[in-house]
Amino acid sequence: LNFFIQDFSKAMSQAGSSQFQEVIRQELEYSMKVELDKILATAHSNEIEHTKKDLEGFKKLFHRFLQEKGPSVDWGKIQRPPEDSIQPYEKIKARGLPDNIASVLNKLVVVKLNGGLGTSMGCKGPKSLIGVRNENTFLDLTVQQIEHLNKSYNTDVPLVLMNSFNTDDDTKKILQKYSHSRVKIYTFNQSRYPRINKETLLPIAKDVSYSGENTECWYPPGHGDIYASFYNSGLLDNLIAEGKEYIFVSNIDNLGATVDLYILNHLMNPPNGKRCEFVMEVTNKTRADVKGGTLTQYENKLRLVEIAQVPKAHVDEFKSVSKFKIFNTNNLWIALSAIKRLQEKNAIDMEIIVNPKTLDGGLNVIQLETAVGAAIKSFENSLGINVPRSRFLPVKTTSDLLLVMSNLYSLNAGSLTMSEKREFPTVPLVKLGSSFTKVQDYLRRFESIPDMLELDHLTVSGDVTFGKNVSLKGTVIIIANHGDRIDIPAGALLENKIVSGNLRILDH
């Protein structure tokens, strides 16, 4: 009887606690609705429509956030993907190209994710406007690539930029310079969602404005927002009406993400006659990529699992290069008709990423985001393609920038390719210290970019400058201790060297 009483009271308290949680959830949703209505009431008549759409989208995300607790995957259900669900790129390339590749290209739209600012590299404004090679910005290189395609094949592949409210104005000003290029350029904006106070779970914004003091109150909710924003903008329907069938989506800072004709042909002319609605390009992990999301089999579907979704006890296993050998490059090929169908059914399911931030004044907030690749499980007949590392060349830091500016790469029609003079296919590991974080500081410290063709590893720490025509080979480590400065002289050759201490080259 005692056992029965204990079990009964335990069940009652659990029921009570779940009822209690439900009441709290309902109260939070009600309070959120009240606050959002107040914010909407401050909108001008010309802002009401899109603000309403943004806040509705946010409300759905917030509702799901309150329902879900803890990591969103059951680790026991994760399996390796079946052999044929991730195809090697070589196999897809071996099929060759049809004679009518131009008609296939005419069904394609290139979409670049252009919502990010260059703040992590000390720049104001859109990251896509940072100069990366011979004064060319990320955006310049993208336009050159597509223009080259359109001229070579006499096609009409348009470029679509998904901007955020942070990047839209600056990007649109710059777009005027491409008005005579052979690329139609369209833009749409991703949503604008309110940041919420970590303690109260209520928005910190009091009105719709997002300039001046209010810039920190709002955020763009991650690239998973592409489906709803693209659909809401009307552009999706327009492109379908023009006969476009697939989009190729990638981050604008990934300089390896060029249009690949072999993958496009595989999509349009599948060997088994059944078209894929979603293709994710993955590539082999190195030790530098252990945090990248990986493709797994989960409940009989391909599924992208990100590190944030992994229970703490399994994080090391997730990072293992031997168990999870590949990671998502965020180069995605998606059928337009499938986006339309799923968006209309409200059937695109993406895990919520809770991104904590501390604002300048010290306030802790959270922003709810989603990732574009996470939707793979909502599409039919999805496929992973294991592509060469050369298709993943992101520039997130000045260390990455040094690689793409160097003679490791040659530039042709907007595309960077590894120099034939480089004897090994891998890129050197480069770690530049905090004195190089900001682009302007980084540029000031190099009189010219060193010769890096034979470099394996470079670590630079402290107050270091490089003269003209320096050559770096093998493993080079340069450490200026606090208060010291090292000037690498013009014309120096450093091969398998450690330089430390204080080295000033005085002007005579």
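Including glycine, each Cβ sits where the backbone N, Cα and C put it.
Annotated features in TrEMBL:
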BINDING   Lys127, Gln190, Gly222, Asp253, Lys396  UTP binding site
BINDING   His223  substrate binding site
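Feature map: TrEMBL annotations on the structure.
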residue : record           : Cβ contacts under 8 Å, 6 or more apart
Lys127  : UTP binding site : Gly116, Leu117, Gly118, Met121, Phe138, Thr167, Ile252, Asp253
Gln190  : UTP binding site : Gly115, Met162, Asn163, Ser164, Pro220, Pro221, His223, Asp225, Ile226, Ser229
Gly222  : UTP binding site : Ile353, Asn355, Glu369, Thr370, Ala371, Val372
Lys396  : UTP binding site : Ser120, Asp253
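Cβ neighbour count for His223 (substrate binding site) (all protein chains, 10 Å cutoff from its Cβ): 24.
In this entry, UTP is bound by Lys127, Gln190, Gly222, Asp253, Lys396, whose most widely separated C-alpha atoms sit 21 angstrom apart.
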